[in-house]
């Protein structure tokens, strides 16, 4: 297996001004930029630009329109980055990630989530994260990023469980890397004034994405908490719910509950879910169904169907009954 990780990673104030320098180092001369209408202002150069929604509205794109380019640069939030990764993968050319916020580990991972189920592509060849820009992004997006990082804790616990109970392939190095990233950010959040939170968060999200690339699987960063989040997404669509909850917010609440389930089976983990909850509260991320915008019944239904979302063995095993789901949500304070 060939492990592809970024050749260049720049995380600093003013990093966006180094795009041309990185292009030269990579011997890339004709990039196509994918961005959004709100982030076009950061494209301060004379490259061709396409808005991400033009691609998303037609995923079966005519690739011959873009064959003259030798790389794709995604500048913006999750949709710009994911769309850029997808297009670069389809074209067979490198992708450079230039995030303008830090709401999930998609900024560095080889995973695209523009449709479900998500799928693996090539990891970015370079990541250029301008912390000056990211610091000014909406606070809510940065809070959601914390939710995506804490999910590494339960993702790794689930992965190890699948290894023990189902003989699933397991990478100790990738698991330790992913878990350590999450624990260090939690420790920083709980023991600081958060003055460097945006900087620490970006580095954690980049590390999480690299852990996925090393494992060649989303396992180090996606477990039962992500199944719960995807179940919520499915119910939002099924019931036509006008709820604008973010992926990281949903994963954060999922992590509170799933870590509690792991605690019940392993006394060494005692207090884990409370620690995770406190870290989420510290960055103003939601920790209850009400704060997330969901009725109790939707949370319970999502918990009962989460194990069916994809073929992935987790602490949910063969599923929770409605009674078990309600008890879990109540005991963790989610409802």
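Placement of Cβ uses the backbone N, Cα and C atoms for every residue, glycine included.
Per Swiss-Prot, the feature NAD(+) binding site maps to 78, 79, 80, 81, 82, 100, 101, 102, 103, 109; the stated evidence is sequence analysis. When other Cβ atoms within 10 Å of the Cβ of residue 101 (NAD(+) binding site) are tallied across all protein chains shown, the result is 26.
What Swiss-Prot lists as substrate binding site is 105, 148, 230. The Cβ of residue 230 (substrate binding site) lies under 8 Å from the Cβ of 116, 306, 309, 310, each of which sits 6+ residues away along the same chain. Residue 230 (substrate binding site) falls within a helix when secondary structure is assigned with DSSP.
Note: residue 226 (Zn(2+) binding site) has non-local neighbours 151, 155, 218, 251, 254, i.e. same-chain residues 6+ apart with C-beta under 8 A of its own C-beta. The Zn(2+) binding site feature in Swiss-Prot is assigned to 148, 226, 247.
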Fill in the CA-CA distance, residue 103 (NAD(+) binding site) to residue 247 (Zn(2+) binding site), as an integer in Å.
8
Cα of residue 247 (Zn(2+) binding site) to Cα of residue 148 (substrate binding site): how many Å, rounded?
8
In the same chain, which residues outside the set 105, 148, 230 have their CB within 8 A of the centroid of the CB atoms that define the substrate site?
104, 106, 113, 151, 221, 222, 226, 229, 247, 248, 251
Cα-Cα, residue 78 (NAD(+) binding site) versus residue 148 (substrate binding site), nearest Å, comes out at 13
Including all protein chains displayed, how many Cβ atoms other than that of residue 78 (NAD(+) binding site) lie within 10 Å of its Cβ?
23
Using the recorded Zn(2+) site (148, 226, 247) as reference, state which further residues of the same chain have their Cβ within 8 Å of the centre of those residues' Cβ atoms, listed in sequence order.
104, 147, 151, 222, 225, 229, 248, 250, 251
